[in-house]
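Quick look at what TrEMBL annotates:
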DOMAIN    47-161  domain 'Ig-like'
DOMAIN    184-271  domain 'Ig-like'
SIGNAL    1-20  signal peptide
Amino acid sequence: MRPRTASLISVLVLLPAVLGRSLVGQGARPRTSVGLFLSKTQRASRPGSLLLKSHLKLRNTPPDVLTVAESESLVVECEAGGNPPPTIHWLKNGRRIDQDDSENTDELFSSQNAVPMLGLSFTRSRLFIDCASAQFDEAEYTCVAENPYHRVSKTTKVKVSKIGGARSSPMCLVKKSFDHPGSPARITMWTHTRLELMGSTVQLFCRPSGSPKPAVAWFGPDDNALQSGDKYKVLDNGDLEIRNIAWNDMGGYTCAAENSHGVDRTSTFLYPTLPDKA
């Protein structure tokens with residue numbers, strides 16, 4: 001057995017174990033919902049294919065309490081792993097925060113005719129709190145991860161401290177009270193790691209925010225810019241679609257969001273995997 005093949009098998013076995021789930025093998029009863037499992041015809045043409053049961057688990061969540069000094073900035077991060085690939089959004093005192101302009105969180109698993117996917121994905125998200133003030137920002141913030149089958153969450157209380165009785169600067173109060181003419185480009189949600197069966201189509205998340213609206217560009221493992229065409233498509237929401245993935249598509253992909261106030265970058269690792277052979 002070649003080392004790379006052995007590595008693929010190890011990843012397929014160990015990652016579900018870390019997430020507390022097991023692989024579904026050839027002897028398991030096929031399921032038809034949302035194309036997660038092979039149909040009888042597909043199973044006959046792809047014997048022994050391994051697919052994951054749907055699952056979702058939060059990882060690397062923020063602590064129960066975070067403290068930030070008045071007028072300082074805070075970034076709260078959250079990560080979730082699962083199948084189908086999860087999306088993440090945030091709540092402030094139970095109300096949803098709209099961090100980006102896109103409400104399109106649908107993934108390719110929503111198509112009944114989609115090629116069955118392994119779909120194991122780790123999604124990360126960042127919540128930005130600028131010019132913190134007790135009046136506007138001291139609250140409970142909830143990281144919510146979800147896919148079509150599961151929903152999990154973690155709540156963090158943010159406290160704003162007034163060191164030495166300091167008050168928010170006038171500039172911070174202006175930014176909080178009115179529509180500020182601009183804000184830097186920031187990526188609020190992205191795919192950190194994705195494992196998928198070769199031959200599938202994958203959608204790698206990259207959701208930017210900022211004013212004016214950031215332009216998004218993707219770069220491949222060789223650092224060359226990716227152009228929309230037969231192989232790649234940059235979606236309106238910033239995500240990257242890669243069709244018919246192969247072993248040589250493995251590697252790190254960079255999403256860059258930029259506007260007149262700044263630039264932000266995130267990295268995604270794509271790991272194409274071979275279906276198990278009978």
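A Cβ is built for glycine as well, from the same backbone N, Cα and C atoms used for every other residue.
TrEMBL entries are annotated by machine, without manual review.
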Helix, strand and coil residue totals from DSSP for the domain 'Ig-like' (184-271) stand at 3 helix, 54 strand, 31 coil
Using DSSP three-state counts, the residues of the domain 'Ig-like' (47-161) come to 7 helix, 60 strand, 48 coil
